[in-house]
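J.: Pasting the feature list from Swiss-Prot:
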type: BINDING; residues: CYS97, CYS100, HIS112, CYS116; note: Zn(2+) 1 binding site
type: BINDING; residues: CYS168, CYS171, HIS183, CYS187; note: Zn(2+) 2 binding site
type: BINDING; residues: CYS224, CYS227, HIS239, CYS243; note: Zn(2+) 3 binding site
type: BINDING; residues: CYS287, CYS290, HIS302, CYS306; note: Zn(2+) 4 binding site
type: COMPBIAS; residues: 138-148; note: compositional bias 'Low complexity'
type: COMPBIAS; residues: 306-334; note: compositional bias 'Polar residues'
type: REGION; residues: 43-64; note: region 'Disordered'
type: REGION; residues: 127-148; note: region 'Disordered'
type: REGION; residues: 187-215; note: region 'Disordered'
type: REGION; residues: 259-280; note: region 'Disordered'
type: REGION; residues: 305-345; note: region 'Disordered'
type: ZN_FING; residues: 93-122; note: zinc finger
type: ZN_FING; residues: 164-193; note: zinc finger
type: ZN_FING; residues: 220-249; note: zinc finger
type: ZN_FING; residues: 283-312; note: zinc finger
Amino acid sequence: MERGKKKRISNKLQQTFHHSKEPTFLINQAGFLSSDSYSSLLPETESVNPGEKIKTDTQKKRPGTVILSKPSGRRIISESQLSPPVIPARRPGFRVCYICGREFGSQSIAIHEPQCLQKWHIENSKLPKHLRRPEPSKPQSLSGSGSYSLQASNEAAFQSAQAQLLPCESCGRTFLPDNLLVHQRSCKPKGEGARAPQSNSSDHLTGLKKARSGTPARPRTVICYICGREFGTLSLPIHEPKCLEKWKIENDRLPVELHQPLPRKPQPLPTAQSSQAGPSQAQLVSCPNCSLTFTSDRLLVHQRSCKTQPQGPKDQNLTLGSKGSLKESTNSKQQKNRAAPSVTDRVIHATQEALGEPGGTLCL
């Protein structure tokens with residue numbers, strides 16, 4: 001019964017709400033409502049017993065609602081502007097090694113320097129004596145504070161490392177002593193115009209003089225007194241006996257009139273090369289046709305292609321030739337003499353006609 005009454009009241013209120021046009025109607029009607037009517041406006045689940053509430057929950061499950069409070073964009077912008085900027089930590093000051101000139105941290109430089117000095121001693125002992133350098137001394141810390149003292153100490157350490165460099169003789173570039181030897185293998189001198197390396201210390205000058213004297217020069221050569229070719233001082237004693245044997249074999253193959261006496265080894269003189277060049281020139285034989293000088297074995301090869309003949313043998317052939325050949329030569333001369341006046345006769349005859357003189361035969 002009670003449920004029916006409540007439903008009727010709620011239906012009447014809904015109908016009057018839809019048909020009423022005044023907003024104050026609900027307020028007036030709310031005053032006449034009893035406590036039971038207030039409970040009827042609430043959901044049914046709230047007015048039901050606990051046992052009945054469980055049954056209704058199993059039948060209808062309504063999802064729960066969550067309210068999210070979204071902050072305004074202006075607030076986020078203002079908060080980001082008010083936050084201070086993040087400043088990165090200051091980079092530690094690097095220190096320059098006074099031996100190799102590289103940079104290290106303030107804590108690792110103390111570990112590096114003893115190892116670098118030990119390596120320097122090992123590499124310095126492997127170098128030639130004229131390229132060895134004195135042990136580099138650590139520059140004293142300068143008085144100052146902050147970044148100025150660090151910069152000054154790094155500059156002094158860098159100058160100490162640069163003092164270990166040696167200039168190249170060819171190009172003038174500076175290298176460490178161990179790197180200089182590697183560079184000199186591929187560095188080619190540019191000529192006399194290459195700039196000379198400048199060095200302030202006397203150690204550089206003495207080292208450069210020793211380095212120049214220590215560069216490998218061309219080995220001295222000696223001329224063979226038989227063939228006239230150049231050989232080294234060590235290979236010449238091996239060459240001379242073989243060259244003399246070869247000379248004897250070639251000399252025996254020549255005609256008898258071209259045989260040469262056995263060459264003699266010259267005595268050593270201060271001018272060794274000039275004294276040895278003389279006997280080798282004495283072994284040369286002149287060609288009878290062109291008067292060029294050759295060695296005895298090369299003369300035969302030259303005579304095969306030499307076609308020029310001297311004038312002396314031709315005159316002898318004319319004088320010692322047969323009578324027929326002499327007659328032929330005289331006849332040819334007479335024919336030439338006859339042919340010559342015929343040309344002159346024509347010239348004289350033409351001149352006489354031009355002058356108006358009577359033509360006639362020219363008597364010779």
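Using N, Cα and C of the backbone, Cβ positions are placed for all residues, glycine too.
Give me the lay of the land around each of these features.
T.: Within its own chain, CYS97 (Zn(2+) 1 binding site) has GLU103, PHE104, ILE109, HIS112, GLU113, CYS116, ALA157, ALA161 as residues 6 or more apart in sequence whose C-beta sits under 8 angstroms from its own. The secondary structure of CYS97 (Zn(2+) 1 binding site), as reduced to three states from DSSP, is coil rather than helix or strand.
When secondary structure is read from DSSP and collapsed to three states, CYS168 (Zn(2+) 2 binding site) falls in the coil class.
According to its DSSP assignment, CYS227 (Zn(2+) 3 binding site) is coil. Taking the Cβ of CYS227 (Zn(2+) 3 binding site) as centre and 10 Å as the limit, one finds 17 other Cβ atoms among all the protein chains shown.
Reduced to three states, the DSSP call for CYS306 (Zn(2+) 4 binding site) is coil.
Taking the zinc finger (93-122) as a whole, pLDDT averages 86 in the prediction.
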J.: So if I measure Cβ to Cβ from HIS302 (Zn(2+) 4 binding site) and keep only same-chain residues at least 6 apart in sequence, which ones fall under 8 Å?
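T.: Listed in sequence order: CYS287, LEU292, PHE294.
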J.: Going along the chain, which residues at least six beyond the ends of the zinc finger (93-122) come within the CB cut-off of under 8 Å?
T.: 135-136, 138-139, 147, 150, 153-154, 156-158, 160-162, 164
J.: Could you state the CA-to-CA distance between CYS171 (Zn(2+) 2 binding site) and CYS227 (Zn(2+) 3 binding site) to the nearest Å?
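T.: Cα to Cα, CYS171 (Zn(2+) 2 binding site) and CYS227 (Zn(2+) 3 binding site) are separated by 42 Å.
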J.: DSSP says what for the zinc finger (220-249): how many helix, strand, coil residues?
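T.: Result for the zinc finger (220-249), in helix, strand, coil order: 14 helix, 6 strand, 10 coil.
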